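Reading through the structure tokens given below for one structure.
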Amino acid sequence: MSPVPLKNAERAHSGVRTVSVLGATGSIGDSTMDLIRAEPERYRVEALTGNANVAGLAKLAKEFNARFVAVADPARLGELRAALAGTDVACGAGESAVIEAAARPADWVMAAISGAAGLKPALAAVDRGTTVALANKECLVCAGDFFMSRATAAGAQILPADSEHNALFQALASGNRHELTRVIITASGGPFRTWAAADIEQATLAQALKHPNWSMGQKITIDSASMMNKGLEVIEASYLFALSPDEIDVLVHPQSIVHGLVEFADRSVVAQLGAPDMRIPIAHCLGFPDRITGRAAKLDLAKIGQLTFEAPDFTRFPGLRLAYDALRTGNGATTVYNAANEVAVAAFIAQKIRFGAIARLVEDTLNSWVRAGNQAPLGSADDAIALDQQARNLAATLLPQIAAKAS
């Protein structure tokens, strides 16, 4: 009997790949640079950007011999120039410089600038028709239809760099669109997975920041505790893969080993597994369509012992329900959802509201915005940024009454 043949083609990208990393000094950027560092002969760094960490940015520029670096804070240009004195690295500062970095010729761009500030640079990379590894949620949550349309028009390849969407991307390759019945995004359940609703309502900041599996920044860790992050991922999946809300399910999986599953018409389910390490999905993006040597630990299922799953609780975690509501409302509602959540999380961190009030502020903001009748398709990055600011202002005006109800 002949064995089933495995693909044994030459690397699709056997030469040196030119790469740029937007947000190089953040956690995603750090993981990306770690992978590039492991195989320096395969990559040439074109451009790097950072927010305000000039020392870290200059260090990376020197290590990887970057051609251009940009710091987002325009007041740091002099500091950046001084740090790069004696090198051939060109530098700039401010939004225009970051956009310039994104638009420079590169085979592959990591778009990892957080917040709305990452939208225009990501679009600049997309407009070049290059391959963009996307780690900025605002591009999809705040401008999904517009962003994906621009990518299609430019012939850009969008690769999802977060673990769940990268898992779906890999699993979706096992079938055709018309054969798909649903995708399943997994969630750890966060630190409050087994807590009663009354206890979740009163949870402290310290408790919300104790994620059981992932090491992440403060904002995303709180989003995980409220399951707002999973709501955002549902929205992202809808735009990224052109899925309806009814084609996206969420499954709580405390071990965070299975990151995404895809069910096909024949009832086959294809899943992607891996340790909870962001270097795994980033490595997939960096090597795509090839596979590169990873830096994360190998998966030892025998050591893990068991994988468990449970349905999400939309009552204890209303933020997840609100994401589906926003998707079905459309016309900018997902932008409002995201902006209101950011205002709510900032208020919780500042101890202005209880943990349970995060979802209430998001829901009240969405309802108020819908009643005002301002829904309209977003036609540009400026439209998305303007709506984001409008929603933040609306959430801020509703915040005092939400805080008063909780006191």
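Cβ atoms here come from the backbone N, Cα and C positions, even for glycine.
Swiss-Prot names Thr25, Gly26, Ser27, Ile28, Asn136, Glu138, Gly217 as NADPH ligands; from the candidate set Asn53, Asn229, the record adds Asn53 to that same site. Swiss-Prot lists Asp162, Glu164 as binding Mn(2+), and of Glu79, Glu95, Glu233 the one it places in that same site is Glu233. The binding-site residues Gly26, Gly217 differ in how many other CB atoms lie within 10 Å of their CB, and the one with the most is Gly26. With respect to their backbone Cα atoms, Gly26 (NADPH binding site) and His211 (1-deoxy-D-xylulose 5-phosphate binding site) stand 19 Å from each other. In the structure as shown, the Cβ atom of Glu164 (1-deoxy-D-xylulose 5-phosphate binding site) sits within 10 Å of 24 other Cβ atoms. Inclusion criterion for the binding-site residues Asp162, His211, Glu233: a C-alpha placed within 10 angstroms of the C-alpha of Ile28 (NADPH binding site); this criterion is met by Asp162. When the CA atoms are compared, the binding-site residues lying within 10 A of Lys137 (1-deoxy-D-xylulose 5-phosphate binding site) are Asp162, out of the candidates Thr25, Ser27, Asn53, Asp162, Gly217.
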